[in-house]
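Peer 1: Sharing the record's features from Swiss-Prot:
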| type | residues | note |
| --- | --- | --- |
| BINDING | ASN7, GLU381 | Mg(2+) binding site |
| BINDING | LYS14, HIS205, LEU206, GLY207, ASN208, GLY209, ASP279, PHE280, ARG281, GLY327, ILE328, GLY329, GLU330, ASN331 | ATP binding site |
| BINDING | ARG88 | substrate binding site |
| ACT_SITE | ASP145 | active site, proton donor/acceptor |
| SITE | HIS177 | site 'Transition state stabilizer' |
| SITE | ARG238 | site 'Transition state stabilizer' |
Amino acid sequence: MKILVLNSGSSSIKFKFFDNKVVKASGLVEKIGEQNSKVVLKNTLNNESFERELTINNHEEGLSIVNELFKESGILADLNALDGCGHRIVHGGRNLSEHCLVDDYVLKEIDRVSIFAPLHNPAHLAGIKTMIKAAPSVANAAIFDTAFHRTMPDFAYMYALPYDFYDKHNIRRYGFHGTSHAYVSSRAAKFLQKDQNELNVISAHLGNGASVCAIEKGKSVDTSMGFTPLEGLVMGTRCGDLDPAILPFISHLKGLTIEEIDTLMNKKSGVYGICGYNDFRDIEREIEQGNDKARLALDMFCYRLVKYIGSYFAVLPKTDAIIFTGGIGENDSLVRQKVCERLAHLGIELDFELNKQRISGERMINHANSKVKVLVIPTDEELEIARITEELIGKN
């Protein structure tokens with residue numbers, strides 16, 4: 001099948017084109033709504049690039065240029081030649097708990113739950129509507145970050161607030177990065193040559209946004225992110241878990257509005273708030289130069305990660321493997337080392353030489369004697385979205 005995967009942001013569209021699960025092209029529409037907008041399409045088979053720089057006022061104009069570049073490159077005759085288009089959607093809310101093909105109800109529901117993800121869902125919705133208009137005959141699939149976590153038990157996803165907040169307002173833990181956690185856990189099963197239904201793993205997706213997921217027999221049973229992606233780990237610019245009573249205290253102390261506090265927690269906190277950097281390469285360079293705040297930021301990040309992974313050892317009946325994925329998880333050997341060293345008493349024995357090797361691809365980095373496997377699995381959310389889209393089209 002010919003599948004286009006779209007990740008529509010407020011001012012951008014990222015895309016990948018798959019033909020029978022092989023990436024044929026990828027690209028980006030950036031600075032939508034600005035005069036110096038740019039569209040880049042790259043033929044991934046020969047690395048040839050096709051570019052346009054012009055004013056793009058909206059997503060519809062952006063996708064129209066993408067269509068022109070597909071024709072110019074000869075990769076795809078037209079968007080109507082697609083079998084399907086898979087859209088990454090951050091939040092499905094309580095009712096859209098599974099991936100699905102798009103219809104009028106799905107469009108309305110994505111719009112309704114935009115209040116839960118105001119920075120993401122409206123842009124995703126614009127991407128879907130643009131694709132429907134550009135290629136009416138092509139099936140569109142909504143692939144939700146939250147869907148993988150639909151298998152969490154109620155005692156894991158409920159907050160200890162008055163029940164009406166859940167019952168009437170859908171306030172509960174949803175979890176995110178689901179497409180990534182689903183992909184790497186399935187790849188881990190193949191790597192270990194085990195049935196996914198017999199495997200228990202803890203997946204750590206570590207990027208500027210970061211989350212951990214406890215996966216029992218292929219199903220999510222708990223995850224660190226909650227009602228929003230703010231809960232859980234210390235992240236690049238997000239604070240993660242904190243005492244909620246701090247928020248009214250900060251409001252009175254600094255005279256900040258709710259919106260300003262939200263910005264503070266999401267964009268000015270995390271390791272960035274501690275040391276002024278959110279790129280871990282910069283943080284580790286600063287540590288080498290004796291920057292104590294950078295050292296503190298890294299220690300806080302790793303300590304919170306250790307706490308979550310350790311708690312999921314208690315949640316799972318047994319743990320077969322820990323998976324590191326995402327930009328930091330895949331590339332930062334120091335983070336992996338610091339985390340695994342603190343978990344040694346749980347049967348994790350890291351092979352320091354394997355961990356330090358700068359190689360790409362799926363690999364095992366534990367010592368042969370380790371009771372728990374430690375894997376580095378590069379995530380591929382677009383491939384997973386394409387796979388699920390094919391599956392949904394096949395069923396219908």
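Numbers run from 1 along the shown chain.
Backbone N, Cα and C atoms are what each Cβ position is placed from, and that goes for glycine too.
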Peer 1: Nearest by CA distance to ARG238 (site 'Transition state stabilizer'): which of the binding-site residues is it, out of LYS14, ARG88, ASP279?
Peer 2: ASP279
Peer 1: Tell me the coarse DSSP state (helix, strand, coil) of HIS177 (site 'Transition state stabilizer').
Peer 2: coil
Peer 1: In terms of DSSP three-state secondary structure, what is the assignment for ARG281 (ATP binding site)?
Peer 2: helix
Peer 1: Write down the Cα-Cα distance for ASP279 (ATP binding site) and HIS177 (site 'Transition state stabilizer'), rounded and given in Å.
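Peer 2: Rounded to a whole number, the Cα-Cα distance is 20 Å.
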Peer 1: Between ASN208 (ATP binding site) and ASN7 (Mg(2+) binding site), find the distance joining the two CA atoms and give it rounded to the nearest Å.
Peer 2: 17
Peer 1: Can you count the other CB atoms that lie within 10 A of the CB of ASP279 (ATP binding site)?
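Peer 2: Around the Cβ of ASP279 (ATP binding site), 14 other Cβ atoms lie within 10 Å.
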Peer 1: Expressed to the nearest Å, what is the distance separating ASN7 (Mg(2+) binding site) and LYS14 (ATP binding site) at their Cα atoms?
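Peer 2: Pair distance, Cα basis, whole Å: 5 Å.
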Peer 1: Which one of the recorded positions (LYS14, ARG238, ARG281) has its C-beta surrounded by the most other C-beta atoms within 10 angstroms?
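Peer 2: The residue with the most neighbouring Cβ atoms within 10 Å is ARG238.
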